[in-house]
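Feature annotations, reproduced from TrEMBL:
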- 33-56: transmembrane segment (TRANSMEM)
- 61-219: domain 'Sodium/calcium exchanger membrane region' (DOMAIN)
- 62-81: transmembrane segment (TRANSMEM)
- 93-114: transmembrane segment (TRANSMEM)
- 126-147: transmembrane segment (TRANSMEM)
- 159-179: transmembrane segment (TRANSMEM)
- 199-217: transmembrane segment (TRANSMEM)
- 252-275: transmembrane segment (TRANSMEM)
- 253-365: domain 'Sodium/calcium exchanger membrane region' (DOMAIN)
- 287-310: transmembrane segment (TRANSMEM)
- 317-344: transmembrane segment (TRANSMEM)
Amino acid sequence: MDATTPLLNVASSHSTRNPKYTGWRAAMHDLEYILKASPLNFLLVFVPLGLVWGHFQLAHTWTFVFNFLAIIPLAAILANATEELASKAGNTIGGLLNATFGNAVELIVSVIALKNGQVRIVQASMLGSLLSNLLLVLGFCFIFGGYNRVQQRFNQTAAQTMSSLLAIACASLLIPAAFRATLPHGKEDAYIDGKILELSRGTSIIILIVYILFLYFQLGSHRSLFEQQEEETEEVISVISRQPHHSLSVKSALVTLSITTVIVSFCADFLVGTIDNVVESTGLSKTFIGLIVIPIVGNAAEHVTSVLVAMKDKMDLALGVAIGSSLQIALFVTPFMVLVGWMIDVPMTLNFSTFETTTLFIAVFLSN
């Protein structure tokens, strides 16, 4: 048994499967574990409602609400299945699985939004995910973790490394915005926008290379800086799942991952497809929906996990979830979306508004 686990693998475990369960009994036991693994799973009742309302194109506002609530527990199940696969794949491959699928819901929603031409929604959701993790979640971790405690400790080296990478990501967003802000608006706007698009695509490739180097740093050359004791992680798992930890088989985890991904895709399609109608009927702006509403979909489970972990005084794990998720959004999901837009001929850029980039800079500055 490996005595340590990577910082970001909060829910992973090397516990063995109960040998008394076989066949359909094992499947039912796995299903029971999955349904009880997160305190947010009571929201699964909205999954059939969201699918029915979306399929029959019923009231658009209710379709948006039902699918919004449905994706929240599905994101938790998706994360749990990924962690189970990661726990059986070893530190390196497991870390890569978490790095790739750790924000699967954000990827699915963003790709569907890009296909529908909702570039503003994608940009706002990326920024909203970063701000919610860096300000809201991290703040709650310190508030609830520091309650009735004089002092809390965490791995300063790992935290500084991740914060430095966040600063790099922030700078990559500042450059296109600063470039656009210094140029006058006029007849050459289309030409300038084309150059910003080229700059964004080149910058995205560089950011992805930086992320790959960080993965090598985290999982290979300096893995010891990002490891936690196994018993600490097991204690956290028991708190989050509210039950003795049960390890899914690889087959069960793969089936869960596949089925959940398909359902999330349908729910995300219905969710994104009703945004224009919701904007028209409620008066909400697309920026508000992308900045505030959409990030809740993929991050609610991580928010709960971070706070529960912090309350157990496991600040390394809490920071790993909060800042680690921000890193994945900034260094992987956002530049990846720019390249996806390039492939499907949608002009997704890193050109956020001056106010948005200033807000992100302040958030990164405070987290550092």
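Including glycine, each Cβ sits where the backbone N, Cα and C put it.
Using a cut-off of 8 Å between Cβ atoms, the transmembrane segment (252-275) and the transmembrane segment (126-147) share fewer than three residue pairs, counting only pairs 6 or more apart in sequence. Within its own chain, the transmembrane segment (287-310) is flanked in space by residues 10-11, 38-40, 68, 71-73, 75-76, 79, 103, 105-106, 109, 120-125, 127-129, 131-133, 136-138, 140-142, 144-145, 236, 239-240, 271, 275, 278-279, 317-318, 321-322, 325, which lie at least six positions past its ends and keep a Cβ under 8 Å from the stretch. Taking Cβ pairs closer than 8 Å, the transmembrane segment (62-81) reaches residues 11, 34, 37-38, 40-44, 46-47, 49-51, 53-54, 101-102, 104-105, 109, 248, 253-254, 256-257, 260-261, 263-264, 267-268, 270-271, 274-275, 277-278, 293, 296-302 in its own chain, all 6 or more past its ends. Residue counts for the domain 'Sodium/calcium exchanger membrane region' (253-365) under DSSP (helix as H, G, I; strand as E, B; rest coil) come to 96 helix, 0 strand, 17 coil.
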